[in-house]
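Residues or ranges marked as domain 'Helicase ATP-binding' by TrEMBL: 249-529, 271-469. Annotated ATP binding site per TrEMBL: Ala284, Glu285, Thr286, Gly287, Thr288, Gly289, Lys290, Ser291, in sequence order. Per TrEMBL, motif 'DEAH box' is recorded for 464-467.
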Amino acid sequence: MQTFAVVDLETTGHTPSKGDKIIEIGIVVIENGSVVKEFSSLVNPGKTIPPFISNLTGIRDEDVHDAPVFTEIVDEVIACFTDAYVVAHNVPFDLGFLNYEIQDTGRKALQQPVLDTVELSRILLPQAPGFKLGQLSEYLSLRHDDPHRALSDAAVTAKLLMFLFARLEVLPLETLTQLQSLESRLKSDLFEILQAYMDRAAFSEQEREDLEIFRGLALKHIPSREASEEQPLPAYASFLDLIYEKDGKLSDFMARYEKRQGQREMSETVFDAFESKQHALIEAETGTGKSLAYLLPAIYQSLAKGQRVVISTHLTQLQSQLLEKEIPLLQAMVEFPFQAALIKGKQHYLSLSKFEKEIFSEQQDNYDITLTKAILLVWLTETNTGDIDEVQLPSSGKKFFRSISTDSEGYLDPRSPWFSRSFYQRVRNKAQHANLVITNHSLFCTDLNSDFQLLPSYKMAIIDEAHHLEATAAKHFGLKLDYVGIQHLFNRIGTVEAGDWFYRALTETEAEPALSENWDTLWQQSKAEADDLFRYVFHFVLEQNRRNTALNDIGRIQYRFEKEKENMQSWNTIQEMASRLSFLIRDLIHILSQLKNGQGGRGSNSLVTDLMDEVQSFIDLLQIVIDELEHFFFSADPNQVRWAEIEAHGAKNAVYLYSEPVEVASALFEDLFAKKDSIVLTSATLSMNKSFDYIRERLGMPYETTIEKKIQSPYQYDQQVQLMIPNDFPEMKYGNPEAYILAVCEAVYSLAEVTEGRMLVLFTSYDMLRKAHQILKELTEEKDFILIAQGISSGSRARLKKNFQAFERSILLGTSSFWEGVDIPGSDLSSLVIVRLPFQPPDHPVYQAKSAQLKEMGKNPFMELALPNAVIRFKQGFGRLIRSSTDRGIVMVCDERIVKARYGKYFTDSIPEVPISYETTAKIIEKAEAWL
């Protein structure tokens, strides 16, 4: 009989050694799958409970005033764990904290075996959206009555544990056996538990049609694609009637469906572009329903013409929406079958041949890599795609995955036993036969600029979130090189002395001993030269920027290389160092080439064949480094802007080198618009001053063959939004913005009092965000506001957004990435504050280069570049507030230039007509309170 004591603690903080205390404990004891005992008690911590903890748990000082101190309940607590596994959701925290308190009473710490349900969930539920207890209970539909209360959390953790045991029950013997081989390096004491499930699996006679066992790995069985019967197509207008009109398919499949004229209008425009073989620019404002609007003509045209349509998005969030929501809806609605496929870059897909070597190797891995292997083993029994984006890996696991992704395997020989099961090959095959191929802008642009075909051939494409196309194309038509990347490559190859990959390659291929004689010395010299080069560049950039220490949005100093302006002595030194590094790398390539060309007597060995593929892959990667060094330090291409970024307070070799074309219009015209029949670009933010001229010129779209269309939003903005601009802020002084920031913070605080938080504050500078956070922290400390700040509060953008929505009276401070792609519908967001008009920093290297080019052409860089970019960014920020027809809220713009500057009307004219107030802060707050 196995007993499990599931414990949860609520505490005043995370560090008992610094005086944090338990304020509530809950324990649920399970025997034979049933709850046999529960224990719960509030605990008097003997100190004040912080406001954040009270907000989170609902436990206040008065609730624990008469509660027992821990010493009074300690024996009852210890008794619950007799002969039991200690189970907790994050067991190192709960058990560590509990043992600290137990030992503080003079008793011995608990020494029982442990199970961590966070770790077990990561392994056994690899595709869960998150691993916090609330996320898992929602994902698994486990009833959780009182989150952040100890007994309720312990009870739902117990339910979770039983669910996880049920997952172990259905895993095949091979997976269980491999998990047991990893168990010693996990937190949870799983050996005996896994053995019990292995014994059951060994004697089970049930055949698993959903799995296949191949070379010792259990994989989900993926049935071959069945051809679908062709169906006759109605006329396109009749098809749209069938979908959009009253009593049509959309009203059948969508509750409370309301016909939107703009949606049908967009479907007709996309179809017209395809039929007439023209390109199109379509600005579809928020609420249009543009995804369905362009999917319908894409499906119809693909079936009618027998040609696939590529759909490219910027955000994976939109890809997920298309694949998981829109396309299944359309497949259910339309009478004729169609196929859709998602394809990403090779780095997203697991290489089974690489993973096989790793899982059966005997090397001792660290915790994150061990956990990653365990996650992948279970995931392989579930995944159809092998796309790692389905899984949340631990931090070091992401780095490990890069070494076992399809991108790392180089060329996969069709004779390989894994070729027919390769996830990447399956995706490519599926895309070849699909009507719709969904991808991202990165792969789309890489395909345009590649000698190898990454996407299946196409003549028609729809580019959603098209305002990102220029920046993405510039990035993928450019280069990036950094110290960490080079050193990581050297370390992957390794040395003879350390017994790394290179040593194994020499041994397995029975190579000539002479090859190893110079390798280690050359390898060490290459690493040292790279370190010297990047350190010198670091100090060079620091010296050039000594009068300008402004940081970009991710906290780096930037410096643009302009050969004619450089200090020739320093620049010559950099070039000499880059040349030495290039020569050393060429010597490494020479040795690798000798290894490849003289394999020895075991050339027919499959392991040797795989090693030779890896040798070629390393040769190619080292050659890329040489080419990039040549480009960064010796190239004189006038259409390329090259710059360095350094971590101001980071390592002295933390240097990142970038190169991008100054303009991509000519390349996009030649490689995309001139070669394809019809490219449709759409976004909510494409026009500037009611014209598409700016975006069309930046992207190289031909005027004479481009349809332009603006689809109005169905929302009643004049009734849903108030735009408010304070007129009493101090002047914003660059270099001394403190007075302005203080006024912003006071206005934000006053408005937050009216809206009860539920506020998004958008900054254009991380430095200003950081200073504002400090002030707001003091202003809001006594008012129970929850302050969440990008780059300060821990977590990804998605995590910060979820935290913002989870807490009442929350204020979210964001920069760059929060200006778009963040949907917070309903009452969770009542006010939006735009601190400054979003002009790009004038000292950004790309902006400088584009400005210089425009000046040479006799154009005004402000009107032709800075202003259009800022207006489009402003429209994106404004669009964060209203995401449905019932949303209502206030936009406060703290920058008076929107009213006072001659160019201010470009911003106000770019958004829907809304009431505008330009008054003192006090009157604005008063008006906001009355309106809300």
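Cβ coordinates are placed from backbone N, Cα and C, and glycine is handled just like the others.
Residues Ala284, Glu285, Thr286, Gly287, Thr288, Gly289, Lys290, Ser291 make up the record's ATP site, and a Cβ search at 8 Å around their centroid adds Gly262, Gln263, Met266, Ala293, Ala684, Ile711, Ser713 from the same chain.
Across the motif 'DEAH box' (464-467), the DSSP tally of helix, strand and coil residues reads 2 helix, 0 strand, 2 coil. Same-chain residues at least 6 positions away in sequence with a Cβ under 8 Å from that of Lys290 (ATP binding site) are, in sequence order, Gln263, Met266, Ile282, Ala284, Asp464, Thr682, Ala684, Ile711. Taking Cβ-Cβ distances under 8 Å and a sequence separation of 6 or more, the neighbours of Glu285 (ATP binding site) in its chain are Gly262, Ala684, Lys710, Ile711, Gln712, Ser713, Pro912. Classification of Ala284 (ATP binding site) by DSSP places it within a strand. Gly289 (ATP binding site): 18 other CB atoms within 10 A of its CB, across all protein chains. DSSP assigns Gly289 (ATP binding site) to coil in the three-state reduction, placing it in neither a helix nor a strand. Long-range neighbours of Gly287 (ATP binding site) (same chain, six or more residues apart, CB within less than 8 Å of its CB): Arg260, Ser713, Pro714, Tyr715, Ile882, Ser884, Ser885. Using a 10 Å Cβ-Cβ cutoff, Thr286 (ATP binding site) registers 22 neighbours. Taking Cβ-Cβ distances under 8 Å and a sequence gap of 6 or more within the same chain, the neighbours of Ser291 (ATP binding site) are Leu318, Gln321, Leu322, Glu326, Asp464.
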